Each structure stands twice: as C-alpha cells, then as structure tokens.
Amino acid sequence: MDQLAHHYRAHIAELNRRVAEILSREALSGLVIHSGQPHRMFLDDINYPFKANPHFKAWLPVLDNPNCWLVVNGRDKPQLIFYRPVDFWHKVSDVPDMFWTEHFDIKLLTKADKVAELLPKDTVNWAYLGEHLDVAEVLGFTSRNPDAVMSYLHYHRTTKTEYELECMRRANQIAVQGHLAAKNAFYNGASEFEIQQHYLSAVGQSENEVPYGNIIALNQNAAILHYTALEHQSPAKRLSFLIDAGASYFGYASDITRTYAFEKNRFDELIAAMNKAQLELIDMMRPGVRYPDLHLATHAKVAQMLLDFDLATGDAQGLVDQGITSAFFPHGLGHMLGLQVHDVGGFSHDERGTHIAAPEAHPFLRCTRILAPNQVLTMEPGLYIIDTLLNELKQDSRGLQINWQTVDELRPFGGIRIEDNVIVHQDRNENMTRELGLAD
C-alpha cells in the first residue's frame with residue numbers, strides 16, 4: 001500500500017490542477033461532487049445495489065456509501081462530507097482511516113437532508129456534478145453538470161495517473177485469478193452457474209462488486225455478445241467456453257475475455273489464430289495511432305481467418321468492403337477502460353468535447369481517439385456464428401461467398417473473443433492481463 005499512497009499524492013495534485021484550470025476557464029468557484037443516492041425498487045422497500053458517481057470515486061475509494069459529497073476548488077484541501085447516519089437497521093460505514101484520508105478535510109453527515117449546512121453557503125457560482133439534478137436544484141445549484149466542465153474532465157480522464165495505472169494493474173491481477181479458476185472449472189465439467197461461483201470466490205468479490213455482469217457462456221451461448229444468463233445444468237456435450245469477466249480495485253475496473261475449446265479440433269485452431277491476431281494488433285498500438293485504424297486492421301485479419309478456415313471465399317479486402325466481416329465480427333475492437341468499464345472520453349477530440357464519430361460502416365466502435373501515453377484500452381477481437389447477422393447475408397449475393405457447411409459445423413461452438421487490458425506507454429505497450437499471468 002506504500003507505493004499506492006506515494007502515487008496517490010501526485011494523483012490528488014493532478015486532479016486539483018485539472019479542477020483549477022477548468023474553474024478558471026468557466027469562472028466558477030468550485031465543484032460539488034455527489035456520490036449518489038440509493039434507488040428504491042418499485043413498490044418495494046429494497047434498494048438497488050448502489051454504484052458511486054465515477055466523478056466522485058475518481059478522487060477517493062469510497063464506493064459503497066451514498067449521500068457523500070466532495071467540495072473541491074483546486075486550491076484548498078478538498079472537503080469530504082461523509083455520510084454516517086444513526087441507523088440500527090443497516091451497517092453504517094466506518095469513518096475512513098486509510099492512506100488517502102490525510103488529503104481531505106472530513107466532515108460527518110448524520111442526516112442526508114441536512115447536507116446544506118455543510119455545503120458552501122452560496123452555491124450560485126458552484127457547479128454540481130452528479131445524477132440527482134432535483135436534489136441539486138433544491139440546494140440552489142444553477143450550474144448542474146455543465147457541458148464545458150464535463151467535457152474537460154472526460155477528455156482528461158483518458159490519461160491515467162500512476163495511481164490509477166497501479167489500481168488497474170491490481171484489478172487485472174485479481175481478475176486473472178478468477179479466470180484461471182473458471183478455466184479449471186470448465187474443464188472439470190462445471191455448469192455456467194457453477195463456473196460463476198468459482199470465479200467470484202477466486203476474486204473475492206460479489207456479483208455487485210465486480211465491475212459488470214460476467215459473461216459465462218458455454219457452447220452456442222458464446223454467440224450472444226452480452227450473454228448474462230447462467231444455466232444451472234451442464235450441456236450434454238461440452239464444446240466451448242467464453243468468459244468475459246473483470247474485477248474491481250478501489251473503483252477501477254479490469255475487463256478480460258478468454259475462449260476455450262474442450263477438445264483439440266478446428267475450433268481450437270481458430271482460437272489460436274485469433275490469439276495470434278490479437279497480439280499482432282496490440283503490437284500496433286503506439287502514441288499517434290488512430291484507434292479506428294486498429295479496428296479496420298482487425299477486420300482485415302478477420303477476413304483472412306474467414307478464408308483460411310473455409311468460412312468464406314473471395315479476397316480479404318472484398319470481404320471487408322462488402323460488410324461480410326461485420327457479420328462475423330459485429331462489435332468494436334475495444335474501448336477506454338478506467339473508473340467505468342466503457343470509460344468516458346473515447347470519442348472526444350479535445351477538451352471542449354468535440355465528438356469524433358465512429359466510421360459509418362462500424363457504428364459500434366466505442367473509441368475513435370488518437371492513442372497517447374497513459375491511456376488504457378481493451379483489445380478484444382472476435383469471431384462469432386450469429387444467425388441473425390448471417391441470415392442478412394443470405395438475402396443477397398453475399399451469401400454465395402459463405403461456406404454454409406463450415407458455418408453449420410462451427411455454430412454449436414458459438415464464437416470467440418479474446419480481450420486484454422493494455423496501457424499505452426511512450427515507448428512500449430504494457431499488456432497488464434498477460435504480464436500478470438493470463439498467457440492464453
């Protein structure tokens with residue numbers, strides 16, 4: 001923790017610098033950042049799992065306590081208003097006592113509706129950052145999530161501090177242990193539900209603590225891109241396993257995917273080809289490279305795989321130009337990663353929030369930025385047998401280029417995705433996922 005504490009001091013200094021700069025530009029006195037409030041289920045007395053405002057947890061790892069507030073102006077010591085009610089029904093969060101607390105002036109709040117007593121007296125020139133605009137209005141904030149402030153912060157969130165990079169390494173290290181446990185469970189005959197339990201146990205996090213709903217897909221379920229159901233029964237014949245699962249550390253996410261074949265066969269060879277292609281794409285990452293160019297390079301590699309594995313005929317560029325590769329690889333190559341799994345800033349050209357749209361032919365690409373040092377991105381090429389997309393090819397002449405017999409043979413395996421989390425450095429790439437123990 002000493003290393004993290006050392007990096008944290010510089011992290012807070014950088015956040016204060018960013019705040020001071022945008023406040024000066026926008027002639028604001030400061031920012032009031034709300035952690036959030038509980039959300040009650042409809043017609044019930046149970047709350048949905050609480051998720052803290054990412055702008056709040058960028059400053060400190062208070063992740064599970066609603067009704068907290070940060071008051072920052074880039075000059076003075078940030079003020080943390082920490083919610084600690086008198087409550088005999090629920091566990092009350094302990095007063096923080098960690099390496100980061102020395103950087104905050106901490107005040108305790110016992111009643112959520114009394115927060116105005118601890119906030120700046122005149123909020124007219126302060127900006128509220130958070131979800132609950134009705135609360136902000138009652139408290140007198142006329143500036144609520146102002147575009148100029150949000151665009152500036154989102155643009156700079158893509159450049160990670162050393163503290164953030166270390167948190168993300170630890171999130172990867174934790175997730176790798178879960179992936180290894182899940183892989184072992186798959187080869188030992190576990191069901192999707194059982195594999196999920198092995199994963200969560202290995203990472204030591206609950207379903208509400210991991211950064212997103214795990215994808216644990218056996219056989220043809222791997223063709224469903226965001227498959228989050230969990231079958232309790234093992235399939236009669238075990239063919240393949242796709243796992244897309246991450247872990248959290250101090251609010252930062254990892255997002256890792258692997259695909260396995262149960263036996264050595266043609267599908268296993270296709271996984272090996274995808275693994276090779278993914279590593280080649282990662283080698284292409286460097287400052288100054290346009291992320292959409294990496295996405296287009298992925299389609300070229302997918303096209304070659306379609307030809308090599310007798311899934312399609314023709315020439316590779318023609319398969320891309322006709323949209324045939326998009327039927328087999330319909331999603332983007334990856335996205336920014338950080339406080340959120342699909343982190344903000346992926347389309348921002350500048351601090352003003354100028355939007356760089358995804359290419360028209362690739363609308364699901366989540367990042368159009370030019371790569372720069374200390375950015376963290378996922379790299380997740382895939383190839384799937386998705387009938388709804390392939391049926392579109394059958395409706396025109398493109399269907400004549402598809403070897404439907406090979407498609408039928410691979411359909412029971414679902415699909416392949418391989419995903420690593422990569423830091424772009426000035427002179428190298430740091431593949432956190434592989435370097436921390438998940439070689440394949």
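Numbers run from 1 along the shown chain.
Cβ atoms are placed via backbone N, Cα and C, with glycine included.
If you draw a 10 Å sphere around the CB of Asp244 (Mn(2+) 2 binding site), it holds 25 other CB atoms from the protein chains shown. Asp244 (Mn(2+) 2 binding site) falls within a strand segment according to DSSP. Per Swiss-Prot, the feature Mn(2+) 2 binding site maps to Asp244, Asp255, Glu419.
In the shown protein chains, 23 other C-beta atoms lie within 10 A of the C-beta of Glu419 (Mn(2+) 2 binding site). For Asp255, His335, Glu380, Glu419, the entry in Swiss-Prot reads Mn(2+) 1 binding site, with the evidence type sequence analysis.
When the binding-site residues Asp255, Glu380 are scored by other C-beta atoms within 10 Å, Asp255 scores highest. For the recorded site, Glu419 (Mn(2+) 2 binding site), the DSSP three-state label reads strand. In this structure, the CA atom of Glu380 (Mn(2+) 1 binding site) is 4 Å away from the CA atom of Glu419 (Mn(2+) 2 binding site).
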